[in-house]
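Asks: The following block contains the structure, expressed as structure tokens.
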Amino acid sequence: MSAKKPLALVILDGYGYREDTASNAIANAKTPVMDALIANQPNTLISASGMDVGLPDGQMGNSEVGHTNIGAGRVVYQDLTRITKSILDGEFQQTAALVEAIDTAVKAEKAVHIMGLMSPGGVHSHEDHILAAVEMAAERGAEKIYLHCFLDGRDTPPRSAEGSLQRFQDLFAKLGKGRVASLVGRYYAMDRDNNWDRVQVAYDLLTQAKADFTYDSAVAGLAAAYERGENDEFVKATEIKAEGQESAAMQDGDAVIFMNYRADRARQITRTFVADFAGFERAVFPAVNFVMLTQYAADIPLAIAFPPASLENTYGEWLSKQGQTQLRISETEKYAHVTFFFNGGVETEFAGEERQLVASPKVATYDLQPEMSSTELTEKMVAAIKSGKYDTIICNYPNADMVGHTGVYEAAEKAIEALDASVGQVVEAIKEVGGQLLITADHGNAEMMVDPETGGIHTAHTSLPVPLIYVGDKAVEFKEGGKLSDLAPTMLSLAGLEIPAEMTGQVLVK
């Protein structure tokens, strides 16, 4: 076996590009290696945030999303954007599980219940999605549409539900049918720590209209809760029912659509609608057609509107199918990112894939050791390059991100300087064996250590672009306008390998 000349991808976590040098630890640190690479090697900037990585417009990237997009070689839409996009494209309105549940209820003259976290928070749900579901039920002929509102106050200000409730009261008035039928704080409906006494409050409200209070409008019910000193999150079970209106308790044959997309706080209340349940004694158990917006747990036997999108032929899987060898290497802090997330949420190693883990230092905060374990990581990385064993090596250096998160500017500069020395050794090793190297980042962080708006410490990620640098013997010229999902196709192209059809990213080399 002749020694392999590896293609390496080095991900400098949290290493973004910002023109302004104020509080920019990357621009102000002494970085002779990176300076020389940018002066002499093919390089460009690529996008690592917002819709380019499947997040909402303008939202900063993060390590999980970044590595998923890099490894997938296509934009991987997060649930929020996937569902928003489906509504705009008209696909949501044709989703089989939703159509079937609504149409079955309409045919039998039964009710359609829509429930979920009623807020624009975008963490567990989005009220725009709930609005689309109400409109869809009305368009498909449902006469009885009951909206059960779980109130937020955690991902939104503590008393901010009124605007959302007013919006839906207005919508029902416009539709001429349906109503907000109940209110309860997420503290009850969305518990995730097996506090079944709380969940039972929500279950009894939904299935029996059993409530501490009844008001004739949602806004009035909320105002009364505020009078009692309850913020949105803690609003007690409240039935919304005017004089002469019938009860909105769930009945046999009704459709129930749960519009939360994040699983962790949706599981428990959903399990109360499954026959096999031991959390508490259910006074009633209506036989409803229940639809989960996404899969809340693999063992919940209910319909799913948006099943998990499995990622076929990610970079790692594709290399494995070509009989190639690959190494994933990082410190503890980012080990899951170069393995699990890079492989599209697959925990097991592919054939030909090896993993090396370097322990991150045991310090309270990384500003106390900004170089982290970069010396040991680099020794292992250089040895791997020179070993001749690997076709591809994926490596993540966590320093710029983990030290950036501390908000300590001097430490961030030291972290960048330690990184620069490490990159220098990796570049030398690659040149020595005649390999190829791409240097990039998954998102920004250390390039902005002070918030320019407030003047306060900035510890979060940024939505700025990240560098892409090539080192190797090919005459490479980069295209402009690239994004993280273009890296896998570009690497396959540099390695002379075929690109699978599932990878919709573009090759960034002209």
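Using the three backbone atoms N, Cα and C, a Cβ is placed for every residue, glycine included.
Found this in Swiss-Prot, in case it helps:
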- Ser63: active site, phosphoserine intermediate (ACT_SITE)
- Asp13, Ser63, Asp442, His443: Mn(2+) 2 binding site (BINDING)
- His124, Arg154, Asp155, Arg186, Arg192, Arg262, Ala263, Asp264, Arg265, Lys334: substrate binding site (BINDING)
- Asp401, His405, His461: Mn(2+) 1 binding site (BINDING)
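Show me how these features fit into the structure around them.
Replies: Under a cutoff of 8 A between CB atoms, and with a sequence separation of 6+ in the same chain, the neighbours of Ser63 (active site, phosphoserine intermediate) are Asp13, Lys334, His337, Phe341, Asp401, Asp442, His443. DSSP classifies Ser63 (active site, phosphoserine intermediate) as helix under the three-state reduction.
There are 31 other Cβ atoms within 10 Å of the Cβ belonging to Asp442 (Mn(2+) 2 binding site). A coil conformation is recorded for Asp442 (Mn(2+) 2 binding site) in the three-state DSSP classification, outside any helix or strand.
For the recorded site, Arg265 (substrate binding site), the DSSP three-state label reads coil. Summarising the environment of Arg265 (substrate binding site), the number of other Cβ atoms within 10 Å of its Cβ, over all protein chains shown, is 21.
His405 (Mn(2+) 1 binding site) carries neither a helix nor a strand DSSP state and counts as coil.
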Asks: Quick one: which residues besides Asp13, Ser63, Asp442, His443 have a Cβ within 8 Å of the Mn(2+) 2 site's Cβ centroid, in sequence order?
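Replies: The surrounding set, listed in chain order, is Ile11, Gly14, Ala48, Gly61, Asn62, Gly66, His67, Lys334, His337, Asn396, Asp401, Ala441, Asn445, His461.
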Asks: Beyond Asp401, His405, His461, what residues of that chain have CB atoms within 8 A of the centre of the Mn(2+) 1 site's CB atoms?
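Replies: Once Asp401, His405, His461 are set aside, the remaining close residues are Asp13, Gly14, Ser63, Ala400, Met402, Gly404, His443, Asn445, Ala446, Thr459, Ala460.
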Asks: Fewest other C-beta atoms within 10 angstroms of its own C-beta: which of the binding-site residues Asp155, Asp401 fits that?
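Replies: Among the binding-site residues Asp155, Asp401, the sparsest Cβ neighbourhood within 10 Å belongs to Asp155.
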Asks: So what sits near His124 (substrate binding site) in its own chain, CB-to-CB under 8 Å and at least six residues off in sequence?
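Replies: Non-local contacts for His124 (substrate binding site): Leu117, Asp155, Met190, Asn260, Tyr261, Arg262, Arg265, Ala266.
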Asks: Between Ala263 (substrate binding site) and His461 (Mn(2+) 1 binding site), what C-alpha distance do you get in Å?
Replies: 24
Asks: Does His405 (Mn(2+) 1 binding site) have same-chain partners at least 6 apart in sequence with Cβ under 8 Å from its own Cβ, and which are they?
Replies: Gly14, Tyr366, Asn445, Thr459, Ala460
Asks: Which state, by DSSP, holds Arg192 (substrate binding site): helix, strand or coil?
Replies: coil
